[in-house]
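According to Swiss-Prot, the protein carries these features:
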type	residues	note
ACT_SITE	104	active site, proton donor
ACT_SITE	434	active site, proton acceptor
ACT_SITE	619	active site, proton donor
BINDING	114, 136, 137, 138, 139, 140	(6R)-10-formyltetrahydrofolate binding site
BINDING	347, 368, 369	NAD(+) binding site
BINDING	393, 398, 432-433, 460, 492, 526-535, 613	UDP-alpha-D-glucuronate binding site
REGION	1-304	region 'Formyltransferase ArnAFT'
REGION	314-660	region 'Dehydrogenase ArnADH'
SITE	102	site 'Transition state stabilizer'
SITE	140	site 'Raises pKa of active site His'
């Protein structure tokens, strides 16, 4: 059986050797060129391939059509991926008749995504493992072929666990590869309800928060110990790294971050103390804890801290227009949780952001973007990243007020885009899933899918075409005048503070809010055209995390990109959403305070929205760009989102009733 292998790291070397030992013919190996900035402590797949006399390649983009054709020429019977860092396109996965298979460093479906080795230690797990699974379009989601468990000892650190996983991988492959070679390939579907996803880790994620439990801090030290970048803290402006530690249960009443003693070197955490066994000051050498204390000039009672605010770059200034809206207020919370962001915002109200008004890094002005143009231009010039989130985005308004939709959603936002061009500021612009219109693709691709809308006499498309035209204008400004931009397309984000029940009372709300209002008031749930339209519902927490990563823009990977942000796994019809909501409503502890359920009522869309409305049957995103550019994957199940959204609205009603 002929194989093409994609491999990197020690796991890649183990995989290549196991495939050879099982009697496969390896036609070619694809790997990565080593990054000079990375600590390459691991084995070289390219060197191993060269020593074995196997053709080896390291293309920048293995999914380019030229390389896909080249791989096809090898005519592989089977494809293996062993710690190859890039996702393989469906075109490549379909080249091998027997299929494509990936070795993942966890017990799937737990710990899908990046850096599972480190994450299991961060989370204090006692067991992990390796899994060989069939590769499908979605990362780490294919049927399981085989897995092997690995116990995590309390003294395991990243490197010792890495060696255990390599050994387990070799044992697993030695056992299953001969069976697969004979055509006997086990397939066990993964349980999506058990799936968890973790993103990439960065060196800065090693910053210690001394207010966490001591076990959490100790687990972080274990998870990123050498040769990984290490867990670190600061004494004044001096950074130091902790390479090994142990837990001491008694913090002696000291405040978190306080030095309890210097020999041994112990630091108080939330519920105990961390003893620093070895560490390193700055770029110095590794020394034992008491010597580290001496080098840093520590004394008992000293307080360790987060990186000083004056340690270099100023904070990143983010301008959010529409800051009081659903996305704006949740994004503000996420940004203010990071020390290096300052938020400037404008909106016509402040009810959703009242909790931030006294925050020292939040600056709010109540105003209208169509009136306060001077304030906006000044702050576009002042800030680093601009998010124009103001838009009319409820379907009934498209047919009620199409001209107002165009004036606000297109004309006012175009003025802001031109300010960004003028002052050369980066803009993160909210496009919409509506731009795909009546696209017939099974999933909507940002770079390939056609954008199809209905006739001119259907004003419901005014929002879609206004957003689409702005997308095209922004793209042209990027191509012709160097505007730095990212377009993101939310797919049916839901969560607390989505809109209001008052908006639902006048028909100007999202679907779930309207459904909740029906339950609260004891009126029939209206299913427009039977409620068979399908959407992919996305938890606001998943959406905001993706949007935050767009703002961070690691490696400038988001520049010039269009990125769908949605959850393809949470596809449901409006009727199914209503049924799930009703079930959650009946189980809610406040259910007894509301009227009986009044049933479902099928309503024709024309009578509800007017003659200018037209609906679409489905709207499912491809999220390959989000995975590739952001290292992001949605993880929150639709039921959890529905329950949390319902709880928010029911408790807000309860508070109002008690107040009256």
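Backbone N, Cα and C define each Cβ position, glycine as well.
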Compute the C-alpha separation of residue 104 (active site, proton donor) from residue 433 (UDP-alpha-D-glucuronate binding site), stating it in Å without decimals.
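On Cα coordinates alone, these residues lie 32 Å apart.
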What three-state class does DSSP give residue 368 (NAD(+) binding site)?
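Its secondary structure by DSSP: coil.
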Let me check the 10 A CB neighbour count of residue 347 (NAD(+) binding site). How many other CB atoms are there?
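Residue 347 (NAD(+) binding site): 24 neighbouring Cβ atoms within 10 Å.
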How long is the line from the C-alpha of residue 433 (UDP-alpha-D-glucuronate binding site) to the C-alpha of residue 136 ((6R)-10-formyltetrahydrofolate binding site), rounded to the nearest angstrom?
24
Of the recorded positions listed here (102, 140, 529, 532, 535), which is spatially closest to residue 368 (NAD(+) binding site) when Cα positions are compared?
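Sorting the recorded positions by distance from residue 368 (NAD(+) binding site), the top entry is 535.
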Please report the distance from the Cα of residue 369 (NAD(+) binding site) to the Cα of residue 102 (site 'Transition state stabilizer'), rounded to the nearest angstrom.
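Their Cα atoms are separated by 50 Å.
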Between the recorded positions 102, 138, 619, which lies closest to residue 526 (UDP-alpha-D-glucuronate binding site), Cα to Cα?
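It is 619, whose Cα lies nearest.
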According to DSSP, which kind of secondary structure is residue 532 (UDP-alpha-D-glucuronate binding site) found in, if we only use helix, strand and coil?
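The three-state answer is coil.
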Taking every residue in the region 'Formyltransferase ArnAFT' (1-304), what is their average pLDDT?
94
Taking only same-chain residues 6+ apart in sequence, whose CB is under 8 Å from that of residue 434 (active site, proton acceptor), what do you get?
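In sequence order, 463, 464, 467 meet the Cβ cut-off.
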C-alpha of residue 529 (UDP-alpha-D-glucuronate binding site) to C-alpha of residue 140 ((6R)-10-formyltetrahydrofolate binding site): distance in Å?
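One finds 37 Å between the Cα atoms of these residues.
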Max Cα distance spanning 114, 136, 137, 138, 139, 140 ((6R)-10-formyltetrahydrofolate binders), Å?
17
Sorry to bug you, but what's the C-alpha spacing from residue 393 (UDP-alpha-D-glucuronate binding site) to residue 114 ((6R)-10-formyltetrahydrofolate binding site), rounded to the closest Å?
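Residue 393 (UDP-alpha-D-glucuronate binding site) has its Cα 35 Å from the Cα of residue 114 ((6R)-10-formyltetrahydrofolate binding site).
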What is the number of other Cβ atoms found within 10 Å of the Cβ of residue 136 ((6R)-10-formyltetrahydrofolate binding site)?
15
Counting every protein chain present, what is the number of Cβ atoms, excluding its own, within 10 Å of the Cβ of residue 102 (site 'Transition state stabilizer')?
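Summing over all protein chains shown, residue 102 (site 'Transition state stabilizer') has 26 other Cβ atoms within 10 Å.
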Rank the recorded positions 104, 114, 138, 526, 619 by the number of other Cβ atoms within 10 Å of each Cβ and report the first-ranked residue.
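Answer returned by the neighbour count: 104.
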